């Protein structure tokens, strides 16, 4: 544990993470200063009067006179004043780093471009049913610092690349990278390579690394670790894998057939792969296999992830609002069983992503494309023969409702962030769900 008394602490960002950092330091007798570039950040009403706040821009004087700067996830570390602060020897960290300096229980750390929330929830349910007192937090809306001082036996953390960028002391008993694909390119000027390096940081000093055998970007390459376990579809390259046997797909662990996938509530490739990684992590901490398999069979999925939310007159409406990057959208489409036309809704803030890999879907499926939001116009250039540009998602849905016929599928899988028009991907998904259920 660190003693921060006497430190000149400046916190950047006053969302849920920033507020948790403020409380962390106040509990330790340190009064931090807070900066937020927004004029009215969401946590401003919860800040005690003793804490000075500077809103609307960075305060260079505060930052360059600090001894410790704590940044919220998503704050650009290449901002000139932060670069200058580093040159002056000022430490810049995030909430995960603060947490790891204090935590005394073992940590399972999970990251990836897609699927990390699902795997985090699976492993946490397995541990709880097995009798562990588990703290779950990170990039899932629960600030990790809120878990301190609660006598947990195990921490399971979902960690984003943004959080990993400012984490140095993580020593997980098991660290997993589920997959790596292009995302947040607006945040990483070095492109996919820089984003990949950020993800790799989770392996540093991990006891066991868990990697995706089908994704070479998840292979631990430059950090020390004790042991590596792999998961994937191919038995030739993975410790945990899928195998087709006697008419069924099975989950196999070290050549042992452990679960017929037909017993799982969600029967698709995405869920099977998530199950492999979750089982690998649960085995590492010796959760009884019977408990883990029970959870895998009962799991019905998380909201806004390829979720069938309405079916009427033979038309299925699917909410995949969590698909905030291209790879997630491709996975969603490839897992559909199409008998009619696919009405695909794309749009939002693409974060400087390359959408060109969606083009091959044109040849494989009958797709009508509806584009909206900040990058809607760009998405219309993908080469789809049937494409409509609208200002909003709701406008697109109303047009779709006039065109659909039996056996069609309406899929919201935007391949983009929601923040250009919505508070969150959850809000985008809820609005999609509400309007879909109004159509008759």
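Cβ atoms are placed via backbone N, Cα and C, with glycine included.
Quick look at what Swiss-Prot annotates:
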| type | residues | note |
| --- | --- | --- |
| BINDING | 112, 113, 114, 115, 116, 117, 118 | ATP binding site |
Where does residue 117 (ATP binding site) sit in DSSP terms: helix, strand, or coil?
helix
Chain-mates of 112, 113, 114, 115, 116, 117, 118 with C-beta within 8 Å of site centroid, ATP:
110, 119, 178, 179, 274
In this structure, which of the binding-site residues 112, 115 has the fewest other Cβ atoms within 10 Å of its Cβ?
115
Say we define neighbours as other CB atoms within 10 Å of the CB. Which of the binding-site residues 113, 114, 117, 118 has the fewest?
117
Number of Cβ atoms other than its own within 10 Å, given for residue 116 (ATP binding site):
25
